[in-house]
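Below is one structure, written out as structure tokens, with a few remarks after it.
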Number of protein chains: 2
Amino acid sequence: MDSKSCSNDVDVETKEMDTRSLPASRRGLMHLHKVGTPPKQNLLREFTARVNETFFADDPLRPFKDQPRSRKLVLGIQAIFPIFEWGRSYNWKKFRGDLIAGLTIASLCIPQDIGYAKLANLDPQYGLYSSFVPPLIYAFMGSSRDIAIGPVAVVSLLLGSMLSKEIDPNLNKAEYRRLAFTATFFAGITQATLGFLRLGFLIDFLSHAAIIGFMAGAAITIALQQLKGLLGIKNFTKETDIISVMHSVWGNVHHGWNWQTILIGVSFLSFLLVAKYIVKDIEKGINPSSVYQIYFRGEYLLKGLKIGIVAGMIALTEAVAIGRTFASMKDYQIDGNKEMVALGAMNVVGSMTSCYVATGSFSRSAVNFMAGCETAVSNVIMSCVVFLTLEFITPLFKYTPNAILAAIIISAVAGLIDIPAAILVWKIDKFDFVACLGAFLGVVFKSVEIGLLIAVTISFAKILLQVTRPRTAILGKVPMTNVYRNILQYPEAAKVPGILIVRVDSAIYFSNSNYVKERILRWLMDEEERVKAACQPMIQFLIVEMSPVTDIDTSGIHALEELHRSLEKKNIQLILTNPGPVVMDKLEASRFANLIGEDKIFLTVADAVSSCSPKQADEV
Amino acid sequence: MDSKSCSNDVDVETKEMDTRSLPASRRGLMHLHKVGTPPKQNLLREFTARVNETFFADDPLRPFKDQPRSRKLVLGIQAIFPIFEWGRSYNWKKFRGDLIAGLTIASLCIPQDIGYAKLANLDPQYGLYSSFVPPLIYAFMGSSRDIAIGPVAVVSLLLGSMLSKEIDPNLNKAEYRRLAFTATFFAGITQATLGFLRLGFLIDFLSHAAIIGFMAGAAITIALQQLKGLLGIKNFTKETDIISVMHSVWGNVHHGWNWQTILIGVSFLSFLLVAKYIVKDIEKGINPSSVYQIYFRGEYLLKGLKIGIVAGMIALTEAVAIGRTFASMKDYQIDGNKEMVALGAMNVVGSMTSCYVATGSFSRSAVNFMAGCETAVSNVIMSCVVFLTLEFITPLFKYTPNAILAAIIISAVAGLIDIPAAILVWKIDKFDFVACLGAFLGVVFKSVEIGLLIAVTISFAKILLQVTRPRTAILGKVPMTNVYRNILQYPEAAKVPGILIVRVDSAIYFSNSNYVKERILRWLMDEEERVKAACQPMIQFLIVEMSPVTDIDTSGIHALEELHRSLEKKNIQLILTNPGPVVMDKLEASRFANLIGEDKIFLTVADAVSSCSPKQADEV
């Protein structure tokens, strides 16, 4: 037998050495700490805990605990309308900050709104309407102090591109607008529902990297659309992809091939010429009601619903990302789900008052932050300025040249192209970069929807890949310590002769159970070949380090059983170390712990290794 | 400061005690092993390794390594046609086993084929055709020794239900058949493509539990369909759900409410009566060619493709599950991807020779195994018997009563209802049981496709839930050891005063990065409240145990940065322990390691804890 040669080579801790002379059973009891099995939980309690962790991870009811009923009512009102919470400590100093910030963003927002409304193929006043009502609602219900509300470029572009696929905005202006309100209504419903059902985590499925790519692509697409205004082109394509747009631009240059000079010339010329094409009339007066314009039946109901869901999700993603960024800068918490309810309510009300989808605007929020805003009151100030504009001075905007609007929009969206962030993504994770690039190219070369689809698909593919092909590692003993680590990361870590230690780096589920089993057997085969070639002792023990295995399901247990059966045929003992509470529970429920023997489950790899070696010694 | 009280309470290892008097820097160097950073890998090599692990996890080219070219050719042929490998050691003893098994399954398969063809709304001979050609092809290309090939109940039912939604089998018999061949063709193409592209792991996404539920539901649906034959009902519903079927059955009982006696009476009576309704003519002669009947253009091409993909995947799932089960019983390996190529090839050939989708049949394979089959030759024997039947004795089957066919099918599918397995699933994993029950109820109350959809959806939801809401645990020191474990699993484990140790049990990705950050901060908040109430020393260190964190992406790094920023404001030091090679690499690439300080990353929790405590002592 090889076990003879084994016992001499095995690397045993000095601490364990002196226990060797004891009988195996007593020795086990002395220095090995038993793996804990958590107390059996009530099924209902277990289920409740899981649901709580999924939907109420932020423990929203914590402040309500142990409070008298009247206090609970106050807290409840404050939870829905945070203004009653922070409003109590509002003072003049804060108001000064908010006033300055509010006036600053108002000056930015008016030309932006006019431009964005054009991206959405709506008349300019609808952009202004959307900067009047929604910020007011948000000020009462929102929990972010820095976000500035209004229409945003990406959502306007997305909405414009999706709506005009259903109805031609030039031929059926009124119907197009009705569909826009319908989509806005359902965008609001989607947002509020997600928040109310505490499904806010769904937007986490759009990865950060994909958003970087998507935003950069959208920015370029929006900038390209401005070529129409900037160059004064009349027959412009309705598509948004770079090829169609460039075709439109080229098609308007009826000259030879020396396009550089032509482009520069045309740009300058058009810049001057185009100043003549001015924005058409902006209707005077504040938002008219649009309740009866929303389609609540007919074929456009479903179309509006579909567009609303997509636009609502994208708007959410942007608002939540902005809210989180500024909250972490000033170190306060925003409640994602509550925030969604606020954004949803504001869009539902907006859809009834002639607004289209509004959300947190990145450029506007950044300016708001820089100008020293203190609370959501800056939104109220902006809203008031927009109100005055609508009531009194809209006629002045008649004279805003298209070229200037285009320049303002381009400078606003330029901030969405974040090249350093893309470089960082490349450095950290290549797969993330593929998602980023895919979303970018999809938006630029095809359409906003395709870019979005690519981003979501790649994000999901990444999750699935992670789940199907978990990592495994061979562990060795780090010299001078009692710890066992990945030998690829710690080349100085030494394998223990006669024992193969494999760590599985993921929960074992149906999606990977078969792979995990086969991967472990392949590690074993490789090791047996190596050992044979090197004339070292044969493998007698396979230790599976289960620390990272946080859960296991029926398929996982089956895979372990099959592994055990295969090992038995080879006369190799299967040993598990450090299964977590859930895994231990399931190993017992399925009687697998009995099958391999309770004494084959150890607290640490070191314990397991030391239990192997003396046994070999005993057998000799 | 609280640090004073802290240093007295802190639980420090005796081993570390004596190093306290040394200056902090030297002490660190002495007993702390540095966390390894793996050598920077070439991007291409890293990518190749990842692709290999995903698609070539079983290392299919291993036997080809270091072989002369002629040997490689032989190995290549053997890889595609395993019969040339096992055929060389084939002998009379094996043939005897195969002969007996083959004759046994042949006697089972003929009535089964006739019944299953009816489930698929095809004439009986098409069932027989499908037990003639496909088993022959499989015998040459398949790697399982126990599987028996032919039409199966579930796939026949699925095919029948999906095809008849497109074309009415009673009105357009010929077109229906053509669509069936088209679907079979694409089912084969799907299977072969999945195998060839090594995407076999995709079928792992249907969880074991969902399959149990789906199969049981399908078995009940199939049994219900047999009521038509068993009770001799003529106007039977075309739907498969239990409500429609029961409606049909009830609708045929034109009597009062004492249905028990009526049912018993009608059953017996019809059993006798129905013996008159006999199977219609079975065409004599072997499979005619059907190459020109496949739709390669027109609207039915896409429909056939869609049905083919679904039927092909389900057929694969069944065959691979059966293959794996018997392979693990006899302890040999089957290559999933190669198996798919074999099944795909057999269905493509089948679709051109008037067969519909065939796959590994559970009931037939079990009988094959029991009867002592040795190799796939038993399939050849069965195929020969079917050939003889088709050529000479089909007229005899004219006299098979429908009621007997129904009884045979019911007894065959009864084996698909695996109640003990369902009970085990309930015991091990409640969520799995929901998937199982959902698939079951979906099939029984709605349709096969809905049941399938529910099974896949719940399986995916489970994966996503796992990825979005990973577990976290608070660690404490297990008495008398140097190890830190979940205090819920080991109630005797003690927290270290002034230090909070949190373990994150999953890779940190975009889908959970925000949750992980907020969960850690919530643990901290809870602990701070508890500590305050108990007048214990304040938390000064937050140790995040990263052993189970196998990977991190850009969003994950962001979350860590935000965590670090929040902690800095509270004067709490962030410490990481044991990040794996990939994580360490990314922490360095993103300069996060620099941000918190390289010396704040430790090999073990014990090292990290001991580094905290002397520092506190120094500060006093």
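Glycine too: its Cβ is placed from the backbone N, Cα and C atoms.
Curation does not apply to TrEMBL; its annotations are automatic.
According to TrEMBL:
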- B:137-159: transmembrane segment (TRANSMEM)
- B:179-199: transmembrane segment (TRANSMEM)
- B:205-224: transmembrane segment (TRANSMEM)
- B:259-279: transmembrane segment (TRANSMEM)
- B:300-322: transmembrane segment (TRANSMEM)
- B:342-363: transmembrane segment (TRANSMEM)
- B:375-397: transmembrane segment (TRANSMEM)
- B:403-426: transmembrane segment (TRANSMEM)
- B:433-461: transmembrane segment (TRANSMEM)
- B:489-612: domain 'STAS' (DOMAIN)
Fill in the blank from the handout: With the cut-off at Cβ under 8 Å and a gap of six or more residues from its ends, the chain residues touching the transmembrane segment (B:205-224) are 119, 153-154, 157-158, 240-242, 245-246, 317, 321, 409-410, 413-414, 416-418, 421-422, 425, 429, 432-433, 435-444, 448, 451-452, 455-456, 458-460, 462-463
Completion exercise
Per the Cβ under 8 Å criterion, with at least 6 residues separating them from its ends, the transmembrane segment (B:433-461) contacts 154, 157-158, 161-162, 205-207, 209-214, 216-218, 220-221, 239-243, 310, 314, 422, 425-426
Problem - the domain 'STAS' (B:489-612) - residue tally per DSSP class, helix then strand then coil - result: 62 helix, 21 strand, 41 coil
Handout entry: Contact set, same chain, for the transmembrane segment (B:375-397): CB under 8 Å, 6 or more residues outside the stretch
Key = 83, 86, 90, 94-95, 97-99, 101-103, 105-107, 109-110, 113-114, 124-125, 128-129, 131-133, 135-136, 138-139, 142, 144-145, 147-150, 279, 282-287, 368
Completion exercise
Rounded mean pLDDT within the domain 'STAS' (B:489-612) lands at 88
